[in-house]
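Chemist: First the structure, then my questions, so here it is.
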Amino acid sequence: MAITTKESVKYPFYKKKIYPMSSQPSKTLEIFDNPNSERDYVIQIDMPEFTCLCPKTGQPDFATLHLEYIADKACVELKSLKMYIWSFRDEGAFHEAVTNQILEDLVAATNPRFMRLKAVFNVRGGVYTTVVTEHQQENWKPKPVVNL
């Protein structure tokens, strides 16, 4: 059910609706059928608000996640991905471990032809960390690059 704002009562032609957002992080990744599974195409998703906790200090670590993948039969649904990424905010994890865990979970959910996850962590103590991890189906080969 949509909640109507006071603004829409004041201006009846202005029907802005507020849709309550899920406030619960979740480890569940939902998928949907790849609408073009006969073709290799790249899906790029940037998530600039990733947060987890340093397992040594308990301080928050912030990162931007860059996900690129070539789907096979399934694609990841974006809202479930957002809720999944949100689920790490109160968990202690080393950068390398959490980046690889996210990739493993995404691969288990979607079984992509190719997937790369790059986690660019914000500076902490003068040190920047970037972790890149990849998965590739055993028999899949990328097509040659076409330069135009």
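Keep in mind that glycine also has a Cβ here, set from the backbone N, Cα and C atoms.
Grabbed the feature section from TrEMBL, which reads as follows:
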type	residues	note
ACT_SITE	Cys54	active site, thioimide intermediate
ACT_SITE	Asp61	active site, proton donor
BINDING	Val76, Glu77, Leu78, His95, Glu96	substrate binding site
Chemist: Between Asp61, Glu77, Glu96, which of the recorded positions has the fewest other CB atoms within 10 angstroms in the structure shown?
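Modeler: Per-residue Cβ counts within 10 Å for the recorded positions Asp61, Glu77, Glu96 bottom out at Glu96.
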Chemist: Roughly how many Å separate the Cα of Glu96 (substrate binding site) from that of Cys54 (active site, thioimide intermediate), to the nearest whole number?
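Modeler: Counting only the Cα atoms, the answer is 12 Å.
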Chemist: Please list, in sequence order, the residues in the chain of the residue listed as 'active site, thioimide intermediate' that are at least six apart in sequence and whose C-beta is under 8 Å away from its C-beta.
Modeler: Pro60, Asp61, Gly92, Arg124
Chemist: Of these binding-site residues, Val76, Leu78, which scores lowest on Cβ atoms within 10 Å?
Modeler: Leu78
Chemist: Work out the three-state DSSP category of the residue listed as 'active site, proton donor'.
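Modeler: Assignment for the residue listed as 'active site, proton donor' reads strand.
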Chemist: Please give me the CB contact count at 10 A for His95 (substrate binding site), counting all chains in the structure.
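Modeler: That number is 18.
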Chemist: Which state, by DSSP, holds Val76 (substrate binding site): helix, strand or coil?
Modeler: strand
Chemist: Can you see whether DSSP assigns the residue listed as 'active site, thioimide intermediate' to helix, strand or coil?
Modeler: coil
